[in-house]
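Here the structure is laid out as structure tokens; the discussion comes afterwards.
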Amino acid sequence: MAETARTAPAVDFVGGAVGYRFRTQAGRSHALLKATGLSPTRSLHVIDATAGLGRDAFLLASMGATVTLIERVPEVHALLADALEAARAESDELAAIIGRMTLLHGDARVLLPTLQADVITIDPMHPPRTKTALVKQEMRLLRDLVGADPDVGELLAAALSADCGRVVLKWPLRAAAPPASRKPSHQIAGKTVRYDVYVRPRAT
């Protein structure tokens, strides 16, 4: 058990950075909220196609979104399931947030054609940085567990073909985006990452 604790990433919605961001409401200005179009007056159903550590999904759910998380790696899915149940038991406030989160195990490329949502978010394993020390420990552990995401182009294509109004891809700020059937409608840039936003054209 001790070895697992040293080698597996921590998934925690109660303490750590996620808990702090929730308690202090520091996430209200997060670029992800702007990228998805989520606001206090606009509730959305969001599919997180690459759930990972669940941090983005929790942020969205804490701001009122209904979130479906898809994770294909069994070990990460199990970590997420345990963390969700721990948060549910922590307090009524957290239980209400977790109640808006549904965790699915599977390949998003297969599941997306069967689902409907307002927004699909994609945050794959990004290309390794040349300065690996800049990568936080939890992300290094996650990469060790899940490996790279060479099929991100296929996932983006599946998302763009799915029944949703908007697709949001989180990607390194200066890296070339995966090939796609169309260009992003717009981008929201941060210090090290950007959000490529694909808005489905309105039917005429």
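All positions are counted from 1 along the displayed chain.
In case you wondered, yes, glycine gets a Cβ from its N, Cα and C as well.
Pulled from Swiss-Prot:
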BINDING   Arg55, Asp56, Glu71, Arg72, Asp123  S-adenosyl-L-methionine binding site
Fewest other Cβ within 10 angstroms of its own Cβ, chosen from the binding-site residues Arg55, Arg72: Arg72
Listed binding-site residues (Glu71, Asp123), ranked by Cβ neighbours within 10 Å, top entry: Glu71
Same-chain residues at least 6 apart in sequence whose Cβ lies under 8 Å from Asp56 (S-adenosyl-L-methionine binding site): Leu32, Asp48, Thr121, Asp123, Lys170
For Glu71 (S-adenosyl-L-methionine binding site), the three-state class that DSSP assigns: strand
Three-state secondary structure, Asp56 (S-adenosyl-L-methionine binding site) (per DSSP): helix
Recorded S-adenosyl-L-methionine site residues Arg55, Asp56, Glu71, Arg72, Asp123, farthest C-alpha pair in Å: 17
